[in-house]
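Chemist: Here it is, the structure, as structure tokens.
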Amino acid sequence: MRVGIIGCSGRMGTLLSSLLRSSNRFTLGPGFSRQSPYSLDSVIESNDVLVDFSSSSFSEELLIALLSNPKPLIFATTKPEPSYSVDEKLQRLAAYVPVVVCPNTSLGAYVQKRLVGLLARVFDDRYDIRISEVHHREKKDPVSGTAKELASILCHTKQEAWQQEYSIGSRCHSVKNIELHVSRVGNISGEHEVAFISDKEHISIHHKVFSRAVFAEGALRILDWLIDESPPPGCYGPEVGLKVSM
């Protein structure tokens, strides 16, 4: 399988390129970045599958090109805000090829999301909720895709389990608030914590990445799944691509 990386000259693109070069299952094809000598259309044409590690500002352009020449896609980028246009194009592309939407390809990050969903069902509104995320100072996203996913899981679960409406930064009395704290400091690869805090106790689920290699390894795991399972067209989540059963 020939793999093309969108955002090939970035930190994640460079790490995944190194893993692919040492793999006996995959061939590293031409990648795309603003500095690469290849056009986006030629990169799509030359590869069997694409991994997007670029940026949210490029998502629309990439998906428009892919809709003209559909190829399987691992979408490992934070969606832009608002995301409805990108979501619509991802769904259209998924009618033709398998699309794995996984803004955070770390196995630990996926497990954290599942645990957060479980705790949101257990703890009622006597527990305040706080999401904290820390990344390196060069990260462009004002809020990480993982933090957005965690907030979405909390809001959905609270509505489903408790019939309570939650949102980030709510100042409305009828909508309960999820506090969000974002830091961009140093060279931190990624850190996310979700805390449930009452007057009497505090429980938190904390995931910290020590090396960005974990994201590249997660992407490789999803590529393995694409080869092993040959899934039909459709939109898949990280639990399928990362081969996790919980």
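Any Cβ shown, glycine's included, is placed from N, Cα and C.
If you look up Swiss-Prot, you'll see His135 marked as active site, proton donor/acceptor. Per Swiss-Prot, active site, proton donor is recorded for Lys139. Look at Swiss-Prot and you will find Gly7, Cys8, Ser9, Gly10, Arg11, Met12, Ala76, Thr77, Thr78, Cys102, Pro103, Asn104, Thr105 tagged as NAD(+) binding site. The NADP(+) binding site annotation in Swiss-Prot covers Arg34. Annotation comment: Swiss-Prot describes His136, Gly145, Thr146 as (S)-2,3,4,5-tetrahydrodipicolinate binding site, evidence class sequence analysis.
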Chemist: According to DSSP, which kind of secondary structure is the residue listed as 'active site, proton donor/acceptor' found in, if we only use helix, strand and coil?
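Modeler: The three-state answer is strand.
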Chemist: Sorry to bug you, but what's the C-alpha spacing from Gly145 ((S)-2,3,4,5-tetrahydrodipicolinate binding site) to Pro103 (NAD(+) binding site), rounded to the closest Å?
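Modeler: For Pro103 (NAD(+) binding site) versus Gly145 ((S)-2,3,4,5-tetrahydrodipicolinate binding site), the Cα atoms are 6 Å apart.
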Chemist: Using DSSP and three states only, what is Gly145 ((S)-2,3,4,5-tetrahydrodipicolinate binding site)?
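Modeler: Note: Gly145 ((S)-2,3,4,5-tetrahydrodipicolinate binding site) is helical by DSSP.
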Chemist: My understanding is the cutoff is Cβ-Cβ under 8 Å with a sequence separation of 6 or more in the same chain; which residues meet that for Gly145 ((S)-2,3,4,5-tetrahydrodipicolinate binding site)?
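Modeler: Those within reach of Gly145 ((S)-2,3,4,5-tetrahydrodipicolinate binding site), by Cβ under 8 Å and sequence separation of 6 or more, are Thr77, Thr78, Lys79, Pro103, Asn104.
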Chemist: Quick check for the class: what is the C-alpha distance, in angstrom and rounded, between Ser9 (NAD(+) binding site) and Arg34 (NADP(+) binding site)?
Modeler: 9
Chemist: Three states by DSSP: which one describes Arg11 (NAD(+) binding site)?
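Modeler: DSSP assigns Arg11 (NAD(+) binding site) to helix.
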Chemist: If I take the Cα of Ala76 (NAD(+) binding site) as reference, which of the recorded positions Arg34, His136, Lys139, Thr146 has the closest Cα?
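Modeler: So, spelling it out, the nearest of the recorded positions is Thr146.
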Chemist: Give the sequence-ordered set of same-chain residues, not counting His136, Gly145, Thr146, with Cβ within 8 Å of the centre of the Cβ atoms defining the (S)-2,3,4,5-tetrahydrodipicolinate site.
Modeler: Thr78, Pro103, Asn104, Glu133, His135, Lys139, Asp141, Ser144, Ala147, Gly190, His192
Chemist: Pairwise over Gly7, Cys8, Ser9, Gly10, Arg11, Met12, Ala76, Thr77, Thr78, Cys102, Pro103, Asn104, Thr105, annotated as binding NAD(+), what's the top Cα to Cα distance to the nearest Å?
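Modeler: The two farthest binding residues have Cα atoms 20 Å apart.
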